[in-house]
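Structure first, then comments.
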């Protein structure tokens, strides 16, 4: 359950410019996700039932997006290490199943994340990103969601 060294390198190179401005990019991604998939906001206690305008104005937006991008950074940094990825994916899936979040919500993320990264002029790595999110989706399915 990991990426090849070449795939991990591609993901790392495309992620670097995104993570370099993680606060603004994290907020932008989360808002884009909620605009495209409004129901996903309901999986976050701070955003449940709120409009995009309310979420954008929320002081919690930065906290949530920062946690998400920090966690994603851990996956990126360990993407080629099968042992670490297996443990991280298992823990991640267990936590998210506990929140009621399943593979469908991460399929939504998977469907738009490569284009989001590309929109920031990051090097393309669509197939590698799809594989990384595929590992997350598979872990959630294995955990029952």
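Note: Cβ is positioned from N, Cα and C throughout, glycine not excepted.
Owing to the predicted nature of the structure, the values given are computational and were not obtained by experimental measurement.
Look at Swiss-Prot and you will find 96 tagged as heme b binding site, backed by sequence analysis. Annotation source Swiss-Prot lists domain 'Globin' at 2-145, citing sequence analysis. Marked as N-acetylserine by Swiss-Prot: 2.
Same-chain residues at least 6 positions away in sequence with a Cβ under 8 Å from that of residue 2 (N-acetylserine) are, in sequence order, 8, 79, 80, 81, 82, 85, 86, 135. Of all the Cβ atoms in the protein chains shown, 20 others lie within 10 Å of the Cβ of the residue listed as 'heme b binding site'. Mean pLDDT for the domain 'Globin' (2-145) in this predicted model: 93.
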